[in-house]
Amino acid sequence: MTSILEQLTGAVSDAFAAAGLPRDLGVVIESGRPDLAPYQCNGALAAAKAAKANPRALAETVAAQLTAARPDLAVEIAGPGFLNITPQDALYDQRADALAADPRTGARTADKSLKVMIDFGGPNVAKPMHVGHLRSSVIGDCLQRLMRFRGHRVISDIHLGDWGLQMGQLITELEDEQPDLPYFDAGFTGPYPDEAPVTIDDLARLYPQASAKGKADPVRQERSRKATAELQAGRPGYRALLAHFIAVSVAALKDDFGALGVHFDLWKGESDVNDLIPAMVEDFKARGVAEESDGAWIVRVAREDDNKELAPLILVSSQGSALYATTDLATILERRREQDPELILYVVDLGQSDHFEQVFRAAVKAGLAQEGGLEHVKFGTVNGPDGKRLRTRAGGSFRLSDLIEEARARARQRLTEAGLGAELPPEAFEDVARKVANAAIKFSDLQNVRTTNYIFDLDRFVSFEGKTGPYLLYQAVRIGSLLRKAKGEGLEPGPVRTGHAAEAALVRRLDGFNAALERAEAGRAPHLLCEHAYSLAQAFSAFYTQCPILPEKDEAIRASRLRLAEAALAQLTLALDLIGMEAPERM
Ligand code: ARG
């Protein structure tokens, strides 16, 4: 199923070839001036430059070839030698009928299906999540949806941070609070009580307490460090506690992510690869990948042509412990053994760029991965209205559940203002609020170019107007209710017959879906998907304002418009789903 753009590019490329010019100059794009012509090709200018010829003359030769082969296209030469192309309505009609009949509304699958792992989310056990984790989750989930839809075999992994100093801090804090628990006994060997000694609220309280004490008191911090080392060395009581902490955190995280509609296939963490580390380190040493330096073992990763010197990766610290980079390398090893992906994407903030560069280079050096098989999908920070990194009122990081609740509260308020509260039973109302809140959070994040920073402004995000998630849901709801009404009146959709400019414009938007998906995948760029959904909603809105549907007397025109509306809703629903948004029935 080729798009109009592809068909036109094919025809114009043929015309360039027939005129003795390079085929690849025949690329057709949508014109910036649809009032003059909807499509254009600028290839004659490039051809003229290369051949030192007159661009208008070349354009005329190409235009003559094109009109001879495709008399159905109106071709004009504009300015210095642009080809302006206007197809007949029949081309739009055929394409619209094909799109409407296709459950994927024109979206094809990738030529080659890859096995991809996506490492995203990355919250840390016991530490509250911050908005960086939220961005990672929203972007990562969108990429997994997109890549699956494009036919790739995707495995997502949350990669919990469950192995650092924070675990030792929790252990010491808990020991001070409940010294009688069996876990602190050096001789503890089990049995492990099923019941965790802490709740998620305890964890949320214990960690900041421990962290504050550690900052104020070096002795205390040393105790936490020692507990971390003993945990990592396998002390049974501590391992039992770790298992509890992880279980309690994972249960809470599953609730939060579930409410947000973000899914992970694997709930693994840094601690899962601990057993792989000793042999991996020995192997790095034996093969000369790692070298000794001041009592530590490092991997040199700097390259001559780096414009900024990259520090060596520390594989084993001088105290003998494995660090963040070590667990990341061991995780690559584990993934290679268990899933053997062709590509691993790491959706993590920009601040960790050097870390990933070190890890990737070390992994390639050690033969754990191929060049290009590991990719850091980086993103910018979320800032408060003051332009600084977003914090809660108390100055700390956000808890995901608080953020979701705050978004829902605003969504409820907005929906109540719109009069929906009185019309829906409480449960249904709450479901709409959830969908609106999720759409607000996700779209406002994803619509930005990934690497830029953006300002967090919930009031704007939940607005039903402007470029927002709720606006898009609202458009989908509007089309849905129009179609239900038509059905209720016994009106059937029929073959598309475009006549109005707004209809052709809508078909052109629908036509661009596949290209938008291809580009969004290639650039790991969710904003291109958002852009498509938004421009589609706008094109529908313009069409709906200018082209009456239910009141239309001409039966064929009405049926055609119903089919266009159906196709628009189907494609919008697909696009929203890839963004991670779900339209309610009403709002
Ligand atoms: N837990 C880490 C953090 O909070 C993020 C993990 C990212 N993934 C990875 N494989 N390193 O910063």
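Cβ from N, Cα, C; glycine included.
According to TrEMBL, the protein has these features:
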DOMAIN    6-87  domain 'Arginyl tRNA synthetase N-terminal'
MOTIF     123-133  motif ''HIGH' region'
DOMAIN    472-587  domain 'DALR anticodon binding'
### Query
Of the residues in the motif ''HIGH' region' (123-133), how many are helix, strand and coil by DSSP?
3 helix, 1 strand, 7 coil
### Segment confidence, the domain 'DALR anticodon binding' (472-587), expressed as mean pLDDT
97
### Query
What are the DSSP helix/strand/coil residue counts across the domain 'Arginyl tRNA synthetase N-terminal' (6-87)?
40 helix, 18 strand, 24 coil
### Composition by DSSP (helix, strand, coil) of residues within the domain 'DALR anticodon binding' (472-587)
84 helix, 0 strand, 32 coil
